[in-house]
Amino acid sequence: MQVKGMLWIFQNLRFLLFASAMEFVTADDQCRNNVYIEGMALRCSVFKRWSVAAPHLCDVKCGQEITCQSYNYNQKYQICELNNRTKEARPENFLSAPAWFYIRRLNGRAPLGSIPELPALSCREIKDSEGKHTISGKYWLDPTGKGKAKLIYCNMVNEDMDECKFNISDCDVNANCTNTYGSYKCTCKVGYTGDGHSCSDIDECKGNHSCHMNAICTNTKGSYVCTCHRGYTENGRGCTDINECKGNHSCHVNATCMNTLGSHACQCHAGYTGNGQNCSDIDECKGNHSCHLNATCTNINGSYLCECHLGFNGNGQSCTDIDECKGNRSCHVNATCVNTLGSHVCQCHAGYTGNGRNCTDIDECTGNHSCHVNASCTNTNGSYLCECQPGFNGNGQNCKADPCYHYKNLTDANRKITYVTPHGSELCDKQLPEGWYRFVGAAGTKMPTTRVPAYRCGTHWSGWLDGAPPTVEDGEVRKVVCFSDRSTGCRHSVLSFVKNCSSYFIYKLYPTSSCASRYCGTD
């Protein structure tokens, strides 16, 4: 512990003395050839990053890396960044960076004077360019011109140095080093790819390989191995399928074993379900089946049965309805047989009631019927009859009163055409209610059918029927009643209806329009 402590103090003291001898500058002096610059850092050239406990350790790290040309140090977070360039080589990447400082490597690096950081394509070109100042040292070369630098050791004498022999080349550990005059060549080993300075393992399994199509290719460092898939046997370069169905397998007793490449499959028999290793009977009656919709499905092991329902004929998958109405049936004589799917129904005829097998006549006259209020209802088998009562005409469902039985009498003697009206005592029918009337007694038996002189019948204008009266067969006939005065035959008129009731006439009369008109009678 004491030795390590003394070493740490010595190293930090060495760094402090080293730093105190440097010239501290600002970002404005970045183009000068200074060793230590605070507040600046070189970007885009870092190839390694470390966390170090003290600044001098960053100098130690740079000295241990042959590619290190400068380094950046963060004083706050104690981070050390090693650069493979200097600020002179990449001035465009030398940027302001608070809490950082930049130091160019001195030990182990030969200054090139006015020669740029990447001066030439070969050691000989470096020697020729330095002339008498040629010294032995380590230089950066950039043969591609794209920033892909190579670090070699140049012995400034004319003899060629075998970098491969002295192990000072930068060839990858998986590359072969071949010495050339003034340089060397790196070539990746078989199974690796790259430029020789950096070699990556070739994954033959992603490209061309000799493994069998039923084998697994596993990549290894610089090569690969082949392993047959499960279910195959042989040496991995030629794999043969194993037929598991010829030996022990895990298929169920109600399943079929089918050999496949590298394995086998189990398939449950028809009528069973499962993964082949476990098979259960399918109850087809609960799912899809071919039974007719008018059949019963019965499940059995591995299958099912179909049986037509009662009232149907067929094999269960096709069922046809039996028409019971064409054969023996139990319907009543007053009922109709109606065939239905799988059965039949009996319906009592209209006018009968019951279940179809027993039907009883309905007496409509004691319940609902369509006979008119002025008609008589007579029950019949399965129906009824309606007949209008005396004094009414119609079909029994509609009965109209017969005016020959429903009328009023006009009996006043002053209605007769022989009655002369005294002046100033004229009567009229303006207040006569509309209806059917008969002339009887002193008024006569009918209306006159020829012109009546004025001032007869107890009025000024006497009313008479224009035209001959109807016969019995004519029924109700529309006629015109004329009212005459002294000068005209028909001063004015009204419509009326006349009916011959065989032994007498009746008239449908309406109120007159004036109080100087009246209907007349005669014998």
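From the backbone N, Cα and C atoms, a Cβ is placed for every residue, glycine too.
TrEMBL: automatically predicted annotations, no manual curation.
If you check TrEMBL, you get these features:
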- 1-27: signal peptide (SIGNAL)
- 31-107: domain 'Apple' (DOMAIN)
- 160-200: domain 'EGF-like' (DOMAIN)
- 201-240: domain 'EGF-like' (DOMAIN)
- 241-280: domain 'EGF-like' (DOMAIN)
- 281-320: domain 'EGF-like' (DOMAIN)
- 321-360: domain 'EGF-like' (DOMAIN)
- 361-400: domain 'EGF-like' (DOMAIN)
Spatial neighbours of the domain 'EGF-like' (321-360) far in sequence, C-beta under 8 Å, 6+ residues away: 294, 309-313, 381-384
For the domain 'EGF-like' (281-320), the mean pLDDT of the predicted model: 91
The domain 'EGF-like' (241-280), counted residue by residue under DSSP: helix, strand, coil: 3 helix, 18 strand, 19 coil
Residue distribution over DSSP helix, strand and coil in the domain 'EGF-like' (201-240): 3 helix, 18 strand, 19 coil
